[in-house]
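The domain 'Josephin' annotation in TrEMBL covers 11-189. Among the features that TrEMBL reports, active site is placed at CYS24, HIS126, ASP141. The feature region 'Disordered' is assigned by TrEMBL to 205-229. What TrEMBL lists as compositional bias 'Polar residues' is 208-222.
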Amino acid sequence: MQTPDDMEPPKVDLYHEKQVKELCALHALNNLFQDKKAFSKKDLDEICLNLSPECFINPHRSLLGFGNYDVNVLMAAVQTKDCETIWFDKRKDIRCLSPDNIFGFILNTPSDYKWGFFHLPFKRKHWISFRKIGDAYYNLDSKLESPELIGDNNLLLDYLQSELHEGDKELLLVVSEDIANSGLWKHAYNNLENGQLNSVHKTEANDNEVSNGKENSTSKPVLQSIDDL
């Protein structure tokens, strides 16, 4: 298996937005869909208002309206692209996922809060998108100077697994509506014994099994903070 150091960077055209203010959710979405016009701050602000139209202080963004959008805004935004978000239960083996059937990944990770050059003593959340472009996956973190090459499916899963083992991080899967409904974003396995995944042969996906346990296809945004995931 090749490592990123062994691989020659493929010549692909990558779109990469860099961090501005508290707009990491906007950057993560545009980087995920590889389109600077996929969403604007105005689009996400409108989603915030639609989610809580009667709230004087909107709970889905920062108090001053500079960004810092929560998970509900991302979920609703993704749905406008005929996709769904699925929360991955990080207690499970990440190799139950089928990356070829997943459009992209969004990682939510704690981030230091700074005011100018000063670090304040509390954390906020940062959104990072990952996407396969050409033959390889890339880390499209808006805090990077440029996209970071990860590699093939196995290297991606290893990378995400290591990230989930570090601190309070959560992983969202972005899939098409058809994949969300069929459950094909994960392999047809349901038992983990002695490190061996036992195949369960099925001809049809059961909607109840798709939404069973901690992994839920988000057909409608659930009004909850990412901290509640």
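Quick reminder: no glycine exception, Cβ is built from N, Cα and C everywhere.
Rounded to the nearest whole angstrom, the C-alpha distance between HIS126 (active site) and CYS24 (active site) is 6. Other Cβ atoms within 10 Å of the Cβ of HIS126 (active site) number 21 in total over all chains.
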